[in-house]
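Student: First, the structure itself, so that you have it in front of you.
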Amino acid sequence: MLLFLVCFVCNIWSVFGVQAASNVSDVVNTIVVASRTQRDISMLVPIGQTNNMGVSLNTVLFEKVGYNSSSLDYIRQLLDGGLQTWMLDLYYNNATSNWQLCPAPFPQNSSTNAYETRTVRWNNRDYHCQPSFTLDSVMQEFRSYFMSTNTNIAVNLIQIMFNLYDFDFSESKNKTIASKELKNYATFSNYGNSTLNSSLSSVSDMLYTPQDLTTYQKTQSGTGISAFYNTSAFDFPSSQTFLLNDYKRLITYVAENKVPKSALGSNDENTIFFNEDFADISYTSDESLLERCGSRTLSDFNQLSLNSNFRTVVDNENVPFTPSSFRKYVTCGYSPILNASRYSIPNKPATTDISDILTYYFPRSYWSWAPGQPHDRQHTANTSSFDKRDYKSSDNQMARKCVTLQESGFVLSNCYEEHKFACQKFNSPNEWKISVSSDTYFSDDYGDCPEGYSFNVPQSSIEVDSLRQEVANSGEKYPIWVDLNDITVANCFVTGGPYAQCPYQRTVSGRRLVELIAPSFVVASVIVVLIFIEKIFRVNPVQTNRKRYWRRAINEYNKQHGYEGVPS
């Protein structure tokens, strides 16, 4: 696990096909661009329809490095690496009346140093735990990350799924500790929090709560895509509203609840979403899950979009993700949660190395981009010299600034290639048609989209799945143009046609620059010429006569008073 992020990023070189990267930042930039693009095209979609790969902190991290403060560095590296969905087990200790991360209580005969990591045993398993390491410690790290990425270009949504358990001290359930020794487990009662609400206090200003959702649902209204989602049972705000208007970053909900009602504080349910219907959580043990993908109808797609939110699939030691199943779950509209200790990847059939695991799976976790996309281009095109005669060759990397949908996902393609266009129906985001004719990305009519449809890009995993279904049903062939490009600014992918502006960097082409400055230049030139002419040919009789008059008056005055030279 040492130097995890460096290994993680370095190993991704091969995945993205970087032949001669000058430094690690080049590779990181590719991942950042892929993540930011997927976020940007989903900005108008409700947050419940967003999908991002996640990990179980317990299995992937704590079981390997221990339940201690040294794991905070790894958590930050995972956040910086782009992971947005997290699963975390919490334990309610009846002896201390506090919540803790360690899956075992701390006996009284252990060291009294709360900052020391010690081995504790529970239910015939050993755990390496630090008493002072609590949920609040983890949330402080999340807050630090939120503050450092609280900009329009870097802001993102983080989800945390909690599994809630408690310790059963009864002798019949636990063969390690007898019930009479219960009092020995109150030693570290000062560590941890008695309520979940207080455990999340450090991120309370950025946490989206059930009360926030209730307030939003009372005031929301919309048209277009918003009007479609307004009919949802859980009417969530869009990512744009959530991140850029409400300035929220985090949403938490309970995946599994095994604690009695008495363990919950009065405000816990006002902080965390406990509703069982809030999130659609599935498990790889359900063999029928993937069978339902690939044959969905429009009604099925609309049902998922309106009545299914935060779709996640969690694996386990018995049925871990495989390279094939992982990608299928992603394209099927699920957020895969890594919850096994070992995985099979090419050339390593059973690895436990988290850097190897994430290096392989993370680039394959985008529902939008195909694995390895958007690939690094050694040259960037200047739009002022974007000439079809120069860039028509499909091998020209400088023209690969427009995006097509292919069977594997979004792929950068030559803007001057001729393909058909993806046309989306207004106010019905899961209805697609493929244009009649093929043309370049710069076409004015976008292949003659049918009436009521317009050239667009899928904005969610369900939308892109429905588009794939339309391609299959219509018998069309890939690739298909989608409304996404980075023509104006390299690596800033935008929708709205070939000349849409990047929201993070304004650009002006050479031709447009001439158009902007030409009028001012002409006016300034005329003014300079007029001033020059005035200086040369100026004749001012009034001023000349005034000078003559005063000169004559002074001379006459001097004669009358006899002034000759300077008086002594």
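Using the three backbone atoms N, Cα and C, a Cβ is placed for every residue, glycine included.
Got these off Swiss-Prot a minute ago, pasting:
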- 1-20: signal peptide (SIGNAL)
- 21-512: topological domain 'Extracellular' (TOPO_DOM)
- ASN23: N-linked glycosylation site (CARBOHYD)
- ASN68: N-linked glycosylation site (CARBOHYD)
- ASN94: N-linked glycosylation site (CARBOHYD)
- ASN109: N-linked glycosylation site (CARBOHYD)
- ASN174: N-linked glycosylation site (CARBOHYD)
- ASN193: N-linked glycosylation site (CARBOHYD)
- ASN197: N-linked glycosylation site (CARBOHYD)
- ASN230: N-linked glycosylation site (CARBOHYD)
- ASN339: N-linked glycosylation site (CARBOHYD)
- ASN382: N-linked glycosylation site (CARBOHYD)
- 513-533: transmembrane segment (TRANSMEM)
- 534-568: topological domain 'Cytoplasmic' (TOPO_DOM)
Student: Rounded to the nearest Å, what's the C-alpha distance separating ASN230 (N-linked glycosylation site) and ASN197 (N-linked glycosylation site)? Just drop the number here, would you?
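Tutor: Here the two Cα atoms are 30 Å apart.
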Student: Between ASN68, ASN193, ASN230, ASN339, which of the glycosylation sites has the fewest other CB atoms within 10 angstroms in the structure shown?
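Tutor: Checked ASN68, ASN193, ASN230, ASN339; of these glycosylation sites, fewest Cβ neighbours within 10 Å: ASN230.
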Student: So of all those glycosylation sites, ASN68, ASN94, ASN193, ASN197, which one's Cα sits nearest to ASN339 (N-linked glycosylation site)?
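Tutor: With Cα distances computed to ASN339 (N-linked glycosylation site), the winner among ASN68, ASN94, ASN193, ASN197 is ASN68.
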Student: For ASN94 (N-linked glycosylation site), what is the secondary structure state per DSSP, taken as helix, strand or coil?
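Tutor: Its secondary structure by DSSP: coil.
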Student: Kindly assign ASN230 (N-linked glycosylation site) to one of the three DSSP-derived states: helix, strand or coil.
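Tutor: The three-state answer is coil.
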Student: Measuring Cα to Cα, how many angstrom lie between ASN68 (N-linked glycosylation site) and ASN197 (N-linked glycosylation site)?
Tutor: 22
Student: Provide the three-state secondary structure of ASN339 (N-linked glycosylation site) computed with DSSP.
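Tutor: Reduced to three states, the DSSP call for ASN339 (N-linked glycosylation site) is coil.
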Student: Restricting to the topological domain 'Cytoplasmic' (534-568), what is the model's mean pLDDT?
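Tutor: Overall, the topological domain 'Cytoplasmic' (534-568) comes to a mean pLDDT of 64.
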